[in-house]
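Structure record follows, encoded as structure tokens.
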Amino acid sequence: MDKFVIRTPRIQNSPKKKLKEKVYKQATIESLKRVVVIEDIKRWKTVLELPEQTKENLVAALQELKKKIPSREVLRSTRIGHAVNKVRRHSDPEVAGLAKEVYTEWKTFIENHLDRPSIEVHSDPKTESFRKNAQKLLSEALELKMDHLLVENIERETFHLCSRLINRPYRRTVRALVFTLKHRAEIREQVKSGTLPVGTFVQTHKK
């Protein structure tokens with residue numbers, strides 16, 4: 001009778017094990033410490049140099065700068081090292097201490113890696129032309145010279161919030177900023193005096 005019985009091996013149910021999936025965080029080239037976006041360096045520099053800057057903005061800029069190590073060439077061309085060095089003498093201990101950390105780390109790295117350049121990311125000439133025009137419009141609305149630090153800071157903050165692109169949101173935001181500065185004298189004075197932070201001003205007009 002056994003020859004008519006097909007025997008199959010018994011399959012034992014093994015306990016199900018929940019496998020923990022590894023979560024990988026994708027790294028972008030800009031997240032690397034030695035990859036330096038020149039535009040970001042210049043934007044943070046204007047934040048550090050703008051008079052009556054808030055402690056929060058200074059700390060935020062220094063924390064971003066701490067994530068990067070510019071090459072000797074970038075330090076020389078942007079003078080960001082000088083800006084950080086000046087902040088070391090800030091009256092607030094936290095700001096001064098953070099600036100000292102950034103400055104010391106950069107100096108130590110440059111001295112130990114003189115022959116290792118960083119990767120620099122620049123804007124193209126067409127983009128720079130559009131931005132110069134935006135700065136011109138902002139300077140006229142603010143009644144300041146085009147090379148004034150406040151004009152540069154507003155434009156760079158706008159460019160940053162628009163993903164560093166000359167796109168429709170950038171153009172519309174610039175127009176909104178210029179219109180407000182021209183026709184709202186009280187806001188213009190608040191921006192010029194520093195009572196209305198540049199970041200807040202630009203963010204509220206972002207299109």
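Glycine residues also receive a Cβ, built from the backbone N, Cα and C atoms like all the rest.
These features come from Swiss-Prot:
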MOD_RES   MET1  N-acetylmethionine
DOMAIN    39-113  domain 'TFIIS N-terminal'
DOMAIN    130-207  domain 'TFIIS central'
*Tell me, what is the mean pLDDT of the domain 'TFIIS central' (130-207)?*
95
*Just give the helix, strand and coil counts over the domain 'TFIIS central' (130-207), going by DSSP.*
59 helix, 0 strand, 19 coil
*Give the residue counts of the domain 'TFIIS N-terminal' (39-113) per reduced DSSP state, in the order helix, strand, coil.*
58 helix, 0 strand, 17 coil
